[in-house]
Amino acid sequence: MGDWSFLGNILEEVNEHSTVIGRVWLTVLFIFRILILGTAAEFVWGDEQSDFVCNTQQPGCENVCYDEAFPISHIRLWVLQIIFVSTPSLMYVGHAVHHVRMEEKRKDREAEELCQQSRSNGGERVPIAPDQASIRKSSSSSKGTKKFRLEGTLLRTYVCHIIFKTLFEVGFIVGHYFLYGFRILPLYRCSRWPCPNVVDCFVSRPTEKTIFILFMLSVAFVSLFLNIMEMSHLGMKGIRSAFKRPAEQPLGEIAEKSLHSIAVSSIQKAKGYQLLEEEKIVSHYFPLTEVGMVETSPLSAKPFSQFEEKIGTGPLADMSRGYQETLPSYAQVGAQEVEREEQPVEEAVEPEVGEKKQEAEKVAPEGQETVAVPDGEKVETPGVGKDDEKEELQAEKVTKQGLSAEKAPTLCPELTTDDNRPLSRLSKASSRARSDDLTI
């Protein structure tokens, strides 16, 4: 049958570039087809034409009947089947080898570029990226174990070669059925020219040949089943990868873009950052001012959250306008109130002074001369004495206490209390001196 070593060496290369099911298919091809076909089938079909005997003496009738019974030898048919079924695998191996060589050239080119970069940097070590490190590892592993992944055009070529193998298997099984059927009969009747009549021909080893035919057909069906299984395996794998990509790609993007997003977000916050509604700060609302808040109850009685806002909850830019205004201090408010209250007090004091002057003139006894006293000074008579002084001092105290009570802020209740302390000696002496000056 010839030497199968050449085809075997090529198919070994296919084993290195196939899936698990593809390797099983190659095992079936080598052991159950090539090995059995090269060892046992030749001995069974070795005497095929010589042992084909017909009951006629007509020259050429036996050869014509054999050609009609066996248009092609089973062994040659199976050899053609092996060749045709292996051809797509050979095409795939050629493409895989080309792909591997191109990858090796690309990796060598990248390694040269890295060397040139390191030389251009003055001998400094350039930090190796993870992709480049993986490329180096994969290149070393590909040289050692020749492992790779089915992706891209290589995967398409692999799927196409499985489809063609399946088609060839089905075609040869159907052709075998139409040519021979699934069994060999011991008696074959032939009526072909130049036979004078119907001739009976006898086949040697019909049972053994039938067993071999059934065995080879079963191996063909097993190979067909493995092809279908491999197609379904690749299909399920593609579906799983398609379902996993939407879940895995966002994670990969987040992992790659996390550092970039952090840097960009920090720059944007530095330029301008607006607080969200839930991030509003309310600790700067003061209950004593009437700009932003109005106190509904004492500060110690209720928490700060119970203050009601006068201004609607709008953007913080509107709220900040109220706090930019300058608020009047306690001193300014007190000064304004004093200015308002001084005018009616002065008007009330002037008529009181005039009445006191008239009373002093009436009370003065006859024979004494009245002296004109300038405004603002007290007039005392010798007849009145110390009682009038006490009454005037008490009136002055009352007026002073009223003014102080009106001018003092409401927040200090201690200042509004009456002062019942006695007058000092100096104040009494000054009042006596004034009364002595007024008397004549």
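Just so you know, glycine gets a Cβ as well, placed from its N, Cα and C.
Matching Swiss-Prot disulfide entries to the candidates C61, C65, C115 identifies the partner of C190 as C65. Within the set C195, C201, the cysteine that Swiss-Prot bonds to C54 via a disulfide is C201.
Candidates considered were C195, C412; the recorded disulfide partner of C61 in Swiss-Prot is C195.
The record in Swiss-Prot shows matching topological domain names for S18 and R156, meaning one and the same side of the membrane. Helix first, then strand, then coil: DSSP counts for the topological domain 'Extracellular' (43-71) stand at 11 helix, 2 strand, 16 coil.
Cα of C201 (disulfide bond) to Cα of C195 (disulfide bond): a span of 12 Å. With DSSP classes pooled into helix, strand and coil, the tally for the topological domain 'Extracellular' (183-210) is 5 helix, 8 strand, 15 coil.
Calculated from their C-alpha atoms, the gap between C61 (disulfide bond) and C190 (disulfide bond) amounts to 9 Å. Cα separation, C195 (disulfide bond) to C65 (disulfide bond), rounded: 9 Å. A distance of 9 Å separates the Cα atom of C190 (disulfide bond) from that of C54 (disulfide bond).
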